[in-house]
Each structure stands twice: as C-alpha cells, then as structure tokens.
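See structure below.
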Amino acid sequence: MPMENSTEVTEFILVGLTNGPKLLIPLFLIFSFIYLVTLTGNLGMMVLILLDSHLHSPMYFFLSNLSLVDFGYSTAVTPKVMAGLLIGDEVISYNACVIQFFFFVAFITVESFLLALMTYDRYVAVCKPLHYTSTMTTSVCVCLVMGCHICGFLNASIHTGNIFRLTFCRANNSTKVNEFRLLGLTDNPELQVFLFITFTLIYLTTLIGNLGMITLILLDSRLHTPMYIFLSNLSLVDCVYSSAVTPKVMAGFLTRNKVISYGGCAAQMFFFVAFASVDCFLLAVMAYDRHAAVCKPLHYTTTVTTSLCAQMAVGCYVWGFTESAIHTGFTFSLSFCRSNVVPHFFCDIPPILALSCSDIYINEIVLFILAAFNVCFALIIILTSYLFIFIAILRMRSAEGQKKAFSTCASHFTAV
C-alpha cells in the first residue's frame, strides 16, 4: 500500500490568539505594553547591577542573569505575536520556527535552573552566614550559572533535534498511516494451517509449562527460595512476551487478517521489548544467585536475602519497561507516510523503522547502544558467574558435592 505523494513543509501558519478584527488592536497594545515593561525592567536591572559596584554580589549576579534570560525568552516569542496581531502575517518559515522553538525552550530551562540556584544561594546566606563568602565565591557562581546555561541549551538542542527531524506532511494532503499490515511467514494456504497448528501447540505448551511452574512455586512453601523466586519471574516473563506476539500470529493464520492497528502495533512492540529485556536481565541475576550459592554457600542466606531478591527483580522490570518506553516512544514519534506493509510477522523495531519517512539515524543509534548494553551486560555477568562456578566445582574433592553443585545450576543453565 504505497503512500509516496507527500509535500515537504517549508513554513508553518500560526493560528494565533484570535481572528476577530476588533480584538487584534487591543491585544497588540496590551502585548506591546507588557513587552516594553519587560524589556525596560530587565535591561534596567542588568545595567544597574553592572554599573553599581555595591551590587556585585552573588545574589545580584544571579538576578542579572535571570533578567537576561527573561529578556531572551520574551524576545523569542513576543515580537512575532505582535507582528501577527498588527499586520495579520501569521506565517513563520520552517527555519524561523526552529530558531524560535530552540531559544524559547533554552531560556525557559535556564530560568528554571537559575531559580533553583538562587534558592540555594539564599539558603547558604541565611543558614551558613559565616561560610557564605568562602562557599559562594566568584568562580563558583560563574560555574553554576554556566552550568544552568549549558543544561538549558543542551535540553533545547535535544528537543529541537528530535522534533524537527520528523517529517511534516499532514497539512499538505498526504496520507497518514493508522494501521499496519503484517506480511507474516507465508501466503501459502496449506502451510498456514500447518503453521497455525504448530504455533498453537508451542504456545499452549509454553503457557501450561510456565503457568504450572508459577503455580507450583507459589503453592509449595519449600520452593520459596531465591532461585525459585527468580525462576517463577522468568516463567511469568516468558509467558507474557510470548502472549504479546503469538495470538496475533495465530489469528493471522486462521482468519488471514494480517492488519494490526497503529495502537495495537505500539502496544505489541512495547510489551515484547519490555519483557524480552526483563528476561535478559533476569538470566543475569539468576547467574549471580547461582554463583553466590555455589561459591559462597556459607554466606548465601545472608547475601541473597528476600529484600535483595525483590530489589533485583524489581530492578529488572524497571529497566525493561524504561528501555521499552524509550524505544516505543522514539519509534512511534516518527512519521509513517510511505507504506504500511511490515515485512515481518510482528511489530518489531527494525521493520517498523524501515517504513518511516523521517530520519531514523538517532533511533538506530539508540537501538544499537541499548541492545549492545543489554547483551554485553547479561553475557558478562553470566559468563563470569559460571566461570567462578566451574572453578569452584573443580576444586571440590567430593563427587557428591560436584553433582549437587551441577544440579543446583541445571535449571538456570537450561534456561540460558
């Protein structure tokens, strides 16, 4: 389903505050008055602080910077608004929109940090007056203000870069993708029935096995140990990320309906990526647990406590869902205006990125960095843990002890 007829946006139309001709002049006068008061007040404040040596103190230094910032972000927006009210010119070029957005966000962010900084300055002045001059030195004040400006402009660069790398084609009569068509595994009707039966058996086996494992561990108090807690979490994760993909694939085989809604595709990607990441980190955590059990058996109960197990498991979920939110947010913030045919059997990140008509360079970099981190981190933990485990087992003199050590790692080693 090709959708290539899109027009690149070169300017934007600002709707403004009102289209009522009677309100335009009063609003222009009000904005002009407010802007002139802002300009006069802020510039006057800066000049006064600059000229009066009595005001060369940290508080007034921060105040002069606040005046400069207030002047900056007012000037980024107000003149264009006033021009629109006076002459009715509501068009702003693409580049001018980028510049306006950048400076407005930058100065707003700097102001936010400056206000926090001024609060800290007053705290030191009131609560630690004897140490004030040695704490809030000129170099410290300059560094703190520079930090505010760097954070502000860095924040503005990130937001501006992420927004204006997108393709703006909705207002130029192009078609917006609101659903995707999954290409699937095959279009052969005979193979589809066979694959449906195969996938159904695998999926049911996965569900029954994992849910059975969770139920067994939950009901048997003897299995309420760190190893089985992690194993039950691994079963839950396996069950969920299988369910994120398989039912839709099976429905496609059975009904030949391979269409998935835009929201459904985003949800499928989010849960698959989230639980796949959680699975990866749970395997690493389980490897550490087995290392503690085999290499330091006497300290095991004090090292791997219930609270530590809960913290590590929660950490895996938090990281998995955070990473998934980043990937899903970055992917579905792109514009899709070419084709809606996904060359895959589910909504994975690379095939969806390939359909976008926006620049996907940043998405690819983020995907590479996070995927590399996941794989490398998990592999390093698993391989290092098992290296120490095998060394510890080889040092054991008892064959019975070696057998017991191998058996305690069997479930995790099988999962890996």
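Just so you know, glycine gets a Cβ as well, placed from its N, Cα and C.
Copied from TrEMBL, the annotated features are:
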{"type": "DOMAIN", "residues": "41-146", "note": "domain 'G-protein coupled receptors family 1 profile'"}
{"type": "DOMAIN", "residues": "209-416", "note": "domain 'G-protein coupled receptors family 1 profile'"}
{"type": "TRANSMEM", "residues": "23-51", "note": "transmembrane segment"}
{"type": "TRANSMEM", "residues": "58-78", "note": "transmembrane segment"}
{"type": "TRANSMEM", "residues": "98-120", "note": "transmembrane segment"}
{"type": "TRANSMEM", "residues": "132-158", "note": "transmembrane segment"}
{"type": "TRANSMEM", "residues": "193-219", "note": "transmembrane segment"}
{"type": "TRANSMEM", "residues": "266-288", "note": "transmembrane segment"}
{"type": "TRANSMEM", "residues": "300-320", "note": "transmembrane segment"}
{"type": "TRANSMEM", "residues": "365-394", "note": "transmembrane segment"}
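Sequence-distant residue pairs (6 or more apart) of the transmembrane segment (132-158) and the transmembrane segment (266-288) include fewer than 3 whose Cβ atoms are under 8 Å, leaving the two stretches without contact. Residues of the domain 'G-protein coupled receptors family 1 profile' (41-146) grouped by DSSP class, helix first, strand second and coil last, total 94 helix, 3 strand, 9 coil. Note on the transmembrane segment (98-120): residues 59, 62-63, 65-66, 69-70, 72-73, 76-77, 80, 92, 144-145, 147-149, 151-153, 155-157, 159-160, 163-164 of its chain, located 6 or more positions outside it, place their CB under 8 angstroms from a CB of the stretch. On the 0 to 100 pLDDT scale, the domain 'G-protein coupled receptors family 1 profile' (41-146) averages 85 in the predicted structure. Remote same-chain partners of the transmembrane segment (58-78), defined as residues 6 or more beyond its termini with a Cβ less than 8 Å from a stretch Cβ, comprise 31, 34-35, 38-39, 41-43, 45-46, 49-50, 100, 103-104, 106-108, 110-111, 114-115, 117-118, 121-122, 125, 136, 141, 145, 148.
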